[in-house]
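Asker: Below you'll find the structure I mean.
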């Protein structure tokens with residue numbers, strides 16, 4: 001039997017549902033709405049295996065903040081009402097046949113990346129349900145990303161249209177241009193257009209730095225901020241070596257009776 005693993009970026013989904021509620025203290029409405037959303041995802045994707053991955057609730061920003069101290073330093077804490085309602089949300093999803101994986105100090109995206117990469121590398125189908133374009137660096141013939149809210153696939157044609165690059169160049173792109181919302185600086189003075197120009201000419205940051213053909217207008221910036229770009233790329237990248245502590249059989253989807 002062919003495997004189709006669906007991984008739900010849980011807080012990505014829950015926060016969007018919660019922010020759309022007229023009364024954001026009404027957690028039962030969030031439970032009900034996310035339940036309907038999960039049922040639609042199940043119908044659309046028809047998984048053989050499924051899991052929802054949750055970030056830990058702590059303000060600990062994980063290993064990325066050790067590399068870049070300003071990383072997500074202004075991240076707003078989860079609203080108190082929503083935090084208190086997380087157990088109810090997880091319980092409602094469990095009743096729909098979906099188990100939860102809670103990170104313990106690791107960011108959810110690294111857990112998602114590790115599991116997705118592990119299964120996709122065995123030529124099994126994986127779908128990540130998330131609006132987070134960061135997952136697009138994982139794209140492969142057997143790994144895809146579904147933006148449920150925009151009803152679109154974040155696939156290679158999307159990346160080509162959005163960034164003009166290949167998925168495997170995205171971390172280098174963010175290493176150069178930065179991600180302002182996460183306080184990933186990149187190289188000061190190099191924005192999206194310059195990053196695209198550089199990565200169209202060279203496959204990686206290292207290749208650009210080592211080449212005599214790097215345009216002069218960028219050479220001084222590279223000389224000054226090359227190490228910063230490498231660190232920013234590391235933080236923008238995804239780890240795929242997290243210890244998961246379970247196997248695929250543990251998350252086989254069984255439709256509740």
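Just so you know, glycine gets a Cβ as well, placed from its N, Cα and C.
According to Swiss-Prot:
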type	residues	note
BINDING	109	Mg(2+) binding site
DOMAIN	165-255	domain '5'-3' exonuclease'
BINDING	176, 177, 187, 190	K(+) binding site
REGION	189-194	region 'Interaction with DNA'
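Neighbours and distances for these, please.
Answerer: According to its DSSP assignment, residue 109 (Mg(2+) binding site) is helical. For residue 109 (Mg(2+) binding site), the same-chain residues lying six or more positions away in sequence with a CB closer than 8 A to its CB are 9, 132, 134, 135, 238.
Applying DSSP to the domain '5'-3' exonuclease' (165-255) sorts its residues as follows: 55 helix, 3 strand, 33 coil.
Sequence-distant neighbours of residue 187 (K(+) binding site) (same chain, 6+ apart, CB under 8 A from its CB) are 176, 177, 178, 221, 222, 225, 228, 229.
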Asker: Applying a 10 Å Cβ distance cut-off over all chains shown, what neighbour count does residue 190 (K(+) binding site) have?
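Answerer: Residue 190 (K(+) binding site) is surrounded by 21 other Cβ atoms within 10 Å.
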Asker: For the recorded K(+) site formed by 176, 177, 187, 190, name the remaining residues of the chain with Cβ within 8 Å of the site's Cβ center, in chain order.
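Answerer: The answer, listed by sequence position, is 175, 178, 186, 189, 191, 194, 195, 198, 221, 229.
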Asker: Among the binding-site residues 176, 177, whose Cβ has the fewest other Cβ atoms within 10 Å?
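Answerer: Minimum Cβ neighbour count within 10 Å, taken over the binding-site residues 176, 177, occurs at 177.
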